[in-house]
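Lifted from Swiss-Prot, the feature list:
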{"type": "MOD_RES", "residues": "Ser12", "note": "phosphoserine"}
{"type": "COMPBIAS", "residues": "44-59", "note": "compositional bias 'Low complexity'"}
{"type": "MOD_RES", "residues": "Ser52", "note": "phosphoserine"}
{"type": "MOD_RES", "residues": "Ser55", "note": "phosphoserine"}
{"type": "MOD_RES", "residues": "Ser59", "note": "phosphoserine"}
{"type": "MOD_RES", "residues": "Thr87", "note": "phosphothreonine"}
{"type": "MOD_RES", "residues": "Thr90", "note": "phosphothreonine"}
{"type": "COMPBIAS", "residues": "98-107", "note": "compositional bias 'Polar residues'"}
{"type": "MOD_RES", "residues": "Thr106", "note": "phosphothreonine"}
{"type": "MOD_RES", "residues": "Ser113", "note": "phosphoserine"}
{"type": "COMPBIAS", "residues": "136-147", "note": "compositional bias 'Low complexity'"}
{"type": "MOD_RES", "residues": "Ser160", "note": "phosphoserine"}
{"type": "MOD_RES", "residues": "Ser164", "note": "phosphoserine"}
{"type": "MOD_RES", "residues": "Ser180", "note": "phosphoserine"}
{"type": "CROSSLNK", "residues": "Lys325", "note": "SUMO2 cross-link"}
{"type": "DOMAIN", "residues": "334-609", "note": "domain 'MYST-type HAT'"}
{"type": "BINDING", "residues": "Cys370, Cys373, His386, Cys390", "note": "Zn(2+) binding site"}
{"type": "MOD_RES", "residues": "Lys434", "note": "N6-acetyllysine"}
Amino acid sequence: MAIGVVKRNAGSSSDGTEDSDFSTDLEHTDSSESDGTSRRSARVTRSSARLSQSSQDSSPVRNLPSFGTEEPAYSTRRVTRSQQQPTPVTPKKYPLRQTRSSGSETEQVVDFSDRETKNTADHDESPPRTPTGNAPSSESDIDISSPNVSHDESIAKDMSLKDSGSDLSHRPKRRRFHESYNFNMKCPTPGCNSLGHLTGKHERHFSISGCPLYHNLSADECKVRAQSRDKQIEERMLSHRQDDNNRHATRHQAPTERQLRYKEKVAELRKKRNSGLSKEQKEKYMEHRQTYGNTREPLLENLTSEYDLDLFRRAQARASEDLEKLRLQGQITEGSNMIKTIAFGRYELDTWYHSPYPEEYARLGRLYMCEFCLKYMKSQTILRRHMAKCVWKHPPGDEIYRKGSISVFEVDGKKNKIYCQNLCLLAKLFLDHKTLYYDVEPFLFYVMTEADNTGCHLIGYFSKEKNSFLNYNVSCILTMPQYMRQGYGKMLIDFSYLLSKVEEKVGSPERPLSDLGLISYRSYWKEVLLRYLHNFQGKEISIKEISQETAVNPVDIVSTLQALQMLKYWKGKHLVLKRQDLIDEWIAKEAKRSNSNKTMDPSCLKWTPPKGT
């Protein structure tokens with residue numbers, strides 16, 4: 001592509017006129033934007049006329065070589081009214097028609113300024129001229145003729161785009177992480193090609209949570225299940241719209257006919273649960289485990305009812321969808337500094353959340369921890385050497401409760417600061433809403449342990465403020481994952497209310513509660529209320545009396561009664577219904593676990609409320 005350019009003589013402007021004449025045409029100070037536009041139009045017209053006139057006078061014309069073979073040399077010239085106070089002006093872009101050697105025309109964009117014009121240089125390699133006759137001395141005076149590497153690279157990219165006949169405005173935008181995170185990534189499951197998704201809504205996946213192969217499914221099966229789930233959701237939404245009486249308030253809490261039918265249906269489905277696995281099924285499951293190990297999900301068929309298994313599958317798909325949304329938003333990054341596992345005693349625990357351990361420990365991915373003093377270390381060798389000389393066999397503080405092998409220690413955050421800080425960092429690995437890490441001095445920690453011949457092993461703990469303005473009896477509560485679903489969480493809750501009874505106070509846990517914490521507390525409140533109603537023989541009952549006897553906050557009592565549909569409003573009064581079916585169900589459960597020692601005995605508590613702390 002060749003461009004015709006008028007040769008510039010020394011001491012003249014680009015249009016062949018003298019510098020003084022052209023600078024007079026360019027003078028404009030303190031004028032409005034509209035005046036500036038009209039003047040620019042006039043200057044372009046005069047320049048075109050002079051260019052035509054100079055062409056008629058047989059001015060010499062040079063042809064530049066094609067952009068594809070050699071890069072054209074540009075020179076820039078700045079003409080101002082005053083040499084002492086140059087005023088920079090933002091360049092404006094104008095489309096120009098340039099003719100290729102082949103005869104085709106394409107639009108290119110060239111920058112023009114109110115005070116700048118771009119010309120092609122002669123064969124000489126002299127520096128660009130300025131009003132003072134010297135090369136520019138500051139970065140603000142340097143234009144495209146400045147020889148730097150970044151500029152050369154940008155010119156080369158522009159030339160390649162011009163050769164292809166594409167517009168610079170069509171250049172692809174830079175992708176952000178959430179738009180390009182999946183490039184050069186693949187699923188970590190062995191043998192998986194990253195196709196499909198557990199939710200059935202995505203074509204690819206890059207994590208185990210969305211891998212169909214890990215969940216022993218195919219991509220087509222996931223799509224079929226997604227369609228079935230969407231259909232069920234639509235039917236449920238339609239039933240809610242048609243149900244005008246679906247209100248859960250104090251005045252109307254009776255379940256609707258549709259809800260009762262659904263409850264009966266669920267009860268029938270759960271009765272179809274198989275009593276146990278056959279010998280062939282056990283062999284099949286063991287073979288699957290030996291073949292794939294931890295790279296595949298265990299086979300779950302026939303372990304529970306079809307309804308519960310389908311409910312679990314839907315929960316898995318929903319969790320995978322939420323994780324995919326977070327990953328697309330950039331909130332989940334690969335290789336983030338998060339501890340994946342911890343070696344704690346004879347257990348290896350997978351962590352759930354991020355904990356603010358020091359950077360040199362957080363980036364390891366695997367942390368080694370002493371189960372007695374809770375000191376964290378980087379390697380197995382350091383842990384082995386530490387255990388050889390660690391003299392701790394139980395938590396610090398005072399042992400205030402012991403029954404059998406279960407003990408509870410009261411640890412003051414002010415006296416044992418390091419231990420309590422390590423305990424909080426450990427708890428954050430399994431709690432989402434925990435914010436207390438280092439400021440432990442205003443808190444008391446009650447640590448529950450189980451003793452054997454090697455020492456007192458940590459089961460869980462709860463903390464509470466020494467002086468709580470709102471009478472919170474629990475600030476944070478945790479049961480270690482290896483002891484979950486064994487009744488220890490309810491024992492910790494019961495022990496916190498036992499301390500409130502000794503203090504003669506009404507207590508309540510600090511909000512917000514975690515998901516597992518809320519489930520545990522609702523179960524405990526339900527059990528307390530049903531036990532109280534079972535032993536109550538009067539005709540009139542008071543929420544205040546229940547609160548004083550059980551140390552449970554009245555707000556928690558009312559919310560539990562509403563959840564059990566035992567609180568009604570009739571003839572201007574609130575009534576508490578004594579539902580015998582719920583009480584009988586609770587009695588049957590108590591009879592099954594009567595031999596269990598997972599209860600707190602008030603006679604084993606040796607403790608007096610602290611004063612002046």
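Cβ from N, Cα, C; glycine included.
These figures come from a predicted structure and were not determined experimentally.
Shown on the structure are the features that Swiss-Prot records.
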residue	record	Cβ neighbours (10 Å)
Lys325	SUMO2 cross-link	11
Cys370	Zn(2+) binding site	18
Cys373	Zn(2+) binding site	17
His386	Zn(2+) binding site	15
Cys390	Zn(2+) binding site	15
Lys434	N6-acetyllysine	19
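Report note: the Zn(2+) site is defined by Cys370, Cys373, His386, Cys390, and the residues of the same chain whose CB lies within 8 Å of the CB centroid of those residues, excluding them, are Phe372, Lys375, Leu383, Met387, Trp392. Closest to Lys325 (SUMO2 cross-link) by Cα-Cα distance, out of the recorded positions Cys370, Cys373, Cys390, Lys434, is Lys434. Cα separation, Cys373 (Zn(2+) binding site) to Lys434 (N6-acetyllysine), rounded: 21 Å. It is 29 Å from the Cα atom of His386 (Zn(2+) binding site) to that of Lys434 (N6-acetyllysine).
Of the recorded residues, Cys390 (Zn(2+) binding site) and Lys434 (N6-acetyllysine) place their C-alpha atoms 29 Å from one another.
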